[in-house]
Amino acid sequence: MNIVVCVKYVPATADRRFSAVDITVDRAGVEGTLCELDEHAIEEALRITEADEGEVTVVTVGPEEAADAIARGLQMGAHKGVHIVDDALHGSDAAATSLVLAAAVRRIGYDIVLCGMASTDGAMGVVPAMLAERLGVPQLTLASQVTVEGGTVTIRRESDTATEHIEASGPLVLSVTDRSNEPRYPSFKGIMAAKRKLVETWSPAELGIAPEVGPEAAGTRVSAFAARPARTGGQIVSDEGEGGVRLAEYLVAQKLV
Amino acid sequence: MSEILVVVDHIGGAVRKTTAELLTCARRLGEPSAVYFGAEDGLIPGQLARYGATKVYVLDDDAYRDCLVAPKAEALAHLVATRRPAAVLIPSTLEGKEVAARLSIKTDSGLVTDASDIVRGEDGAVETAKPVFGGAFTTTVSITKGTPIVTLKPNSLTPPENAGATVPIEVETVDVAVSDAAKAARIIRRESRADLGRPDLAHASIVVSGGRGTGGDFDAVEAFADCLGAAVGASRAAVDAGWYPHALQVGQTGVTVTPQLYVASGISGAIQHIAGMRSSRTVVAVNKDPDAPIFGLADFGVVGDLTSVLVQATTEIDSRRASGA
Ligand SMILES: Cc1cc2nc3c(=O)[nH]c(=O)nc-3n(C[C@H](O)[C@H](O)[C@H](O)COP(=O)(O)OP(=O)(O)OC[C@H]3O[C@@H](n4cnc5c(N)ncnc54)[C@H](O)[C@@H]3O)c2cc1C
Ligand SMILES: Nc1ncnc2c1ncn2[C@@H]1O[C@H](COP(=O)(O)O)[C@@H](O)[C@H]1O
């Protein structure tokens, strides 16, 4: 079973992300990392191939620095990496990202394409469905549990109103939530071995998709950007035995009860 | 006037609140037509007409129920191709967002997910408000390509009732041949969640949440919630500890809530939790640590033990009600 895992390189911590937003014109100096939610996708891929056999390829679409996200995947145990990098990709939206990913995973070859549930910076959670649409294969998305038997994959999905058990046969797109597994930490051996693993760098042109990416091709345009006003005048009281009464009084005064 | 498609969010015919909000937004853009997936006998057209739908397309096929996402996207693509609507509005559920994603690829159209408002922009484009970075910022996003597709978060606006036309709503049955490819991901079993007798978390107008600070005892949280007619939520720490079901987790990897009132008890206010509740109108926090980050977000906070504070607040509200005050 050959698995391609799509991983995203995102601004590192929450704090940095906000400061990065403050200075949207200048994202430079903001440290990045492999999206935490994509670690679950890598872990799932490793488990599936360890139980069966096959190769795990991590692929990312992103700037030079995104090579770090691939490196982390290789340290965890993925076999090889593909980095699609190009300046024209800067500012691409989910549709363009899925276009590039679709071309890349086709070229790599796959039984399963594995994704995270959402990217922690964009958090749209739409790339996996878009990828399935473009590849014309079934989607098994937002799995909290995955079972692979022969060529059939079964997932458990917590939908809005119910728990669903869903089944499909490969090739397919699978995405996993943060409840699917506990991602491993790279071992020292894994870190050393990663240095010898192959990482290929492709350009969108090589994939034959030059003009359709970047901000001009995007279907949306951001015209304004405002920080949510800070909450002011928040009233904090200390419970000296009547904290609950004070809380009740507040709710009554606000006509919330 | 141009037609706007609105996908109806319903459970067995009972229309959920988001649908009214979507119809309200749709009226600003054109003439709303509801798209109803399900058996026609469950449909109550009046529920849709009341908020301004003038027409409803009924699409009934086992595939919409038994297969994941793809059949609905196919059906909507068919409606877009044949009816040429000016926009498609979809509820921001997990399924809704994925249907929207596939539809945007099929129709080569711009997509905005998790919008909090939808209007017609000055340039005529469909313009949305979209909170980003866990709600810390709001962007204005116009859709510039194809048939604009927007998913709207629940509790984004208050729909005026009886805004709709008094003319009878037109019901049209639409048959779309769902492809075999779209039926490839089959739902083989579905377990409905136990009804806890409380409002649905994502749509609730009051939410009371408990975190690690409960120590696993949600009694005070639940009693306070019931006194307010609220839904109960939990932090991931409480869910991971097995104290509360994951379906009730509020946050980045759980449910996003936008109630009138959010009460966080024994929750520190991690960025991933805040991402799921930041848009709440009023935030109340109860935490024994005065430095807990959640207080930075609170309109009202009590520094103290959550059990004693919530129990006392419940008693106080109950007794005020009893005395008619
Ligand atoms: C990728 C990712 C996604 C995540 N997604 C989510 C998510 O969707 N939702 C989410 O909630 N978290 C999420 N988290 C986890 C998040 O980072 C925090 O770990 C979590 O929210 C902490 O939960 P908590 O506030 O209940 O626990 P803690 O941070 O441990 O806080 C407990 C609080 O309770 C207070 N307390 C203790 N005892 C009492 C008492 N008797 N009375 C009053 N107060 C008391 C303490 O002072 C403390 O402030 C995610 C993390 C990651 C990495
Ligand atoms: N630039 C990217 N490169 C590789 N994979 C991506 C990229 N963006 C998104 N993905 C994948 O799609 C998932 C959902 O992302 P999103 O739709 O952006 O929330 C992520 O968890 C990744 O698995």
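Glycine is no exception: its Cβ is also placed from the backbone N, Cα and C atoms.
Per TrEMBL, domain 'Electron transfer flavoprotein alpha/beta-subunit N-terminal' is recorded for B:4-181.
Residues within less than 8 Å, Cβ to Cβ, of B:His273 (FAD binding site) and separated from it by at least 6 positions along the same chain comprise B:Gly211, B:Ser235, B:Arg236, B:Val250, B:Gly251, B:Gln252, B:Ala264, B:Ile267. Sequence annotations record features per position, and here TrEMBL assigns FAD binding site to B:Arg212, B:235-236, B:249-253, B:266-273, B:Asn287.
Within the same chain, the residues at least 6 positions away from B:Gln249 (FAD binding site) whose Cβ sits under 8 Å from its Cβ are B:Gly233, B:Ala234, B:Ser235, B:Arg236, B:Val239, B:Val255, listed in sequence order. Using a CB-CB cutoff of under 8 Å against chain A, the binding-site residues that qualify from B:Gln252, B:Ile267, B:His273 are B:Gln252. For B:Ala270 (FAD binding site), the same-chain residues that are 6 or more apart in sequence and have a Cβ closer than 8 Å to its Cβ are B:Ser235, B:Gly251, B:Pro293. Annotation note: B:Ile267 (FAD binding site) sits in a coil segment as assigned by DSSP.
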